[in-house]
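Asks: According to Swiss-Prot, the protein has these features:
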type: BINDING; residues: 13, 14, 118, 176, 309; note: NAD(+) binding site
type: BINDING; residues: 147, 148, 149, 202, 203; note: D-glyceraldehyde 3-phosphate binding site
type: ACT_SITE; residues: 148; note: active site, nucleophile
type: REGION; residues: 327-350; note: region 'Disordered'
């Protein structure tokens, strides 16, 4: 029997990946997943992956009518957590619903919960990126795994901050318009400020993890579904070469330095790399930095990185479970276990 039992509340883009990631670990298990709609994902969860399925009380009849087997209600499993052996809920519900679930379910039941980056930072005691502040989440009741963009920036900037003295950071975020399965979002023929205000919210979100970094961000949305891209400018307070930066990234966890010149010149080709590596759902958990973009000029570092928005936060959720339950106090040991189970690599197999 696994050491920790986990309920994934919300089985969509992130939730289904977190469920599979938890299921792959030796020291934790999936107690169940929660769905609100009796769709193909719910059917796959039960019939293909064998996950116990829980649903809201007011949706039970819909699942019965659809012929999808359920194990009970989400209200019952959370509010009777001890009876079910539930240790942690990973809340992967849409923005704002997690905070409501905390108030109506998790706090009432005294159950630990992890939230995603769409929630406000105030929902949790800690905003979390394993490489940056794992120890802060040890024993915490509520943790927020920050957004895909924030996670990516924390990984690369955190690596740089460990090695070099940094000044101001400026980032332009080029956001994908929607995930591949989403048909109700856009734009499909425009570039849109998102948000139109500068600075954007991404910089302050990075500071919830790395409070002493000086960062300003701006963001736009473009008509693509595959990945985000960041153009990063970092003022340096010491002499650093491009090779120093490449070495730092290559030594870091969950960051790949990839060669633009070997047919990896776009986000489409990076996603194809994920497919060719045999990754499930072509997931790229790692942040991919183009080697040729890394340049230091007049005391300023520039680089570009690509972010698979569906996947990069998944390892963080697993590490957060270990930290909160104190399964593992050493961040490196937790990340070793997570990465081994998921096939996360610290350098591309190129």
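Including glycine, each Cβ sits where the backbone N, Cα and C put it.
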Asks: Would you list the other residues of this chain near NAD(+) - those whose C-beta lies within 8 angstroms of the C-beta centroid of 13, 14, 118, 176, 309 - in sequence order?
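Replies: For the NAD(+) site the neighbour list reads 147, 148, 179, 310, 313.
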Asks: Quick one: which residues besides 147, 148, 149, 202, 203 have a Cβ within 8 Å of the D-glyceraldehyde 3-phosphate site's Cβ centroid, in sequence order?
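Replies: Near the D-glyceraldehyde 3-phosphate site, the remaining chain residues are 117, 146, 150, 151, 152, 153, 173, 201, 205, 206, 217.
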Asks: Taking every protein chain shown into account, which of the binding-site residues 118, 203 has the largest tally of Cβ atoms within 10 Å of its Cβ?
Replies: 203
Asks: Go ahead and report the DSSP secondary structure tallies for the region 'Disordered' (327-350): helix first, then strand, then coil.
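Replies: Helix, strand, coil within the region 'Disordered' (327-350): 12 helix, 0 strand, 12 coil.
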Asks: Among 13, 14, 118, 176, 309, these being the binding-site residues, pick the one whose CA is nearest to that of residue 149 (D-glyceraldehyde 3-phosphate binding site).
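Replies: Looking at Cα distances from residue 149 (D-glyceraldehyde 3-phosphate binding site), the smallest one goes to 309.
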Asks: Please report, as numbers and ranges, the same-chain residues at least 6 past the borders of the region 'Disordered' (327-350) whose CB is under 8 Å from any CB of it.
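Replies: Cβ under 8 Å, 6 or more out: 3-4, 21, 24-28, 130-131, 134-135, 138, 250-259, 262, 273, 277, 279, 285-286, 288, 314-315, 318-319, 321.
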Asks: If you skip the near sequence neighbours and keep only those at least six away, which residues in the chain come within under 8 angstroms of residue 309 (NAD(+) binding site), Cβ to Cβ?
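Replies: Residue 309 (NAD(+) binding site) has long-range Cβ partners 148, 149, 176, 179, 227, 228.
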Asks: Need the DSSP three-state call for residue 309 (NAD(+) binding site) to compare against my parser.
Replies: coil
Asks: What whole-number Å value do you get for the CA-CA distance of residue 147 (D-glyceraldehyde 3-phosphate binding site) and residue 14 (NAD(+) binding site)?
Replies: 11
Asks: Measuring Cα to Cα, tell me the gap between residue 14 (NAD(+) binding site) and residue 202 (D-glyceraldehyde 3-phosphate binding site) in whole angstrom.
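Replies: Answer for this pair: 19 Å between alpha carbons.
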